[in-house]
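> Got a structure for you, written out below as C-alpha cells; questions coming shortly.
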Amino acid sequence: MEENNQAFHSGFVAIVGRPNVGKSTFLNYVIGQKVAIMSNVPQTTRNKIQGIYTTDREQIVFIDTPGIHKSHNKLGDFMVQSAMSSLNEVDAIMFMVNADEPRGAGDNYIIERLKKITDRPVYLVINKIDLVHPDELLPIVDSYKDAMDWTEVFPISALQGNNINELVTTLSQHMPEGPKYYPDDQVTDHPERFVVSELIREKVLQLTRQEVPHSVAVVIETMKSNDEGLVNIQATIIVDRSSQKGIVIGKGGKMLKEIGSRARVDIEHLLGSRVYLELWVKVSEGWRDKQGILQSFGYKKDEY
C-alpha cells in the first residue's frame, strides 16, 4: 500500500468589507458554529475573530475584521485600525460586498488600499445574491470588475450557502504548505469567555432599539463550573447613557430577561453544559472614547 505523502497546506485569510456585508454570517457558515456575532446593525464585529476551518488536507484560519467605516470616536479608530492591520498578516484576502447595493464611496475607499497589495491573491466576494435577480447582479459584478484586477470573483449567499464550497476550495488551493496551527476540533482562537460575551452582546443588538447597539459592551465578571456540571456566569452589559440602561432592562426587567434567555441557549450549545446566566446593566458614560476604559473592556490597541 502506498503512503499518502500529500503535503498539508495551511494559511490565513482576511475577510474585509464595509459594515454589514455578511462577513460574520459567511464565517459562521464555513466553520459550522457561531464564532462571530450576527446582527443587521453595522459595526457589529469589534475584534478580529479567528475562525478555523480544518480538513485532513488543509487548515484555513479566517480573520473576520471589523467593518471599515468613517470613524467618529476612539472605538471606531480601533475598529478601522484592526481591519487594515490584518491585511499584513495573511496569505489571501476576501473583499466582501453586497449584491443588493451599488458600489459606493466606502467600497472605493477599501479598493484603493487593496490595489497596493500585489503579492497576495485578492478575491472579490459578492454576497447576498439571494436578494437580487440574476439580471440585476450582472451590472454590480461589472462595476466591481472595472475597479481593479481581482484574482477571482465569487457571487455567493452566506445565508443560504450558495457557492461557498467553491470559494473555500479555491482558497485552499492558494494556501502554502505549512503546519496545522490548531487542533482538529478547535474552531476559534478566542477564549470561551470572549465568545460568551459576544453571544450576549449579539442578543442585545438583536433585541434593543437602534440607539443602543453601538454603545454596548459585555464584560464577563465570573464564569465557573460546579461539581454538578452547571456553569455559573455573571456578566455586566455596559451602556453609554442612563436612557440606554432603561431600554436594555425593559419594563419590569422583561427585556433583560429575554436577552439572558436567548443568550443562555447559545452559550449552552457552545459549552455543552447547562448554564445559569446572571446579567447586570451598568452605565459608563463616554466609554467608547476613553482609551483606558476601552482597554479594560478588552479592546487592546497594542495587540493589533
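From the backbone N, Cα and C atoms, a Cβ is placed for every residue, glycine too.
Relevant sequence annotations retrieved from Swiss-Prot are reproduced here:
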{"type": "DOMAIN", "residues": "9-177", "note": "domain 'Era-type G'"}
{"type": "REGION", "residues": "17-24", "note": "region 'G1'"}
{"type": "BINDING", "residues": "17-24, 64-68, 127-130", "note": "GTP binding site"}
{"type": "REGION", "residues": "43-47", "note": "region 'G2'"}
{"type": "REGION", "residues": "64-67", "note": "region 'G3'"}
{"type": "REGION", "residues": "127-130", "note": "region 'G4'"}
{"type": "DOMAIN", "residues": "208-285", "note": "domain 'KH type-2'"}
> Are there residues at least 6 beyond the ends of the region 'G4' (127-130) whose Cβ is under 8 Å from a Cβ of it, and what are they?
21-22, 25-26, 96-100, 137, 155-160, 162-163
> For ILE129 (GTP binding site), list the number of other Cβ atoms lying within 10 Å of its Cβ atom.
24
> Highest Cβ count within 10 Å among the binding-site residues GLY17, ASN20, LYS23: which residue is it?
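Result of the Cβ crowding comparison: LYS23.
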> Averaged over the domain 'KH type-2' (208-285), what pLDDT does the predicted model reach?
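Reported value for the domain 'KH type-2' (208-285) is a mean pLDDT of 85.
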> DSSP on ASN20 (GTP binding site), three-state: which is it?
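Assignment for ASN20 (GTP binding site) reads coil.
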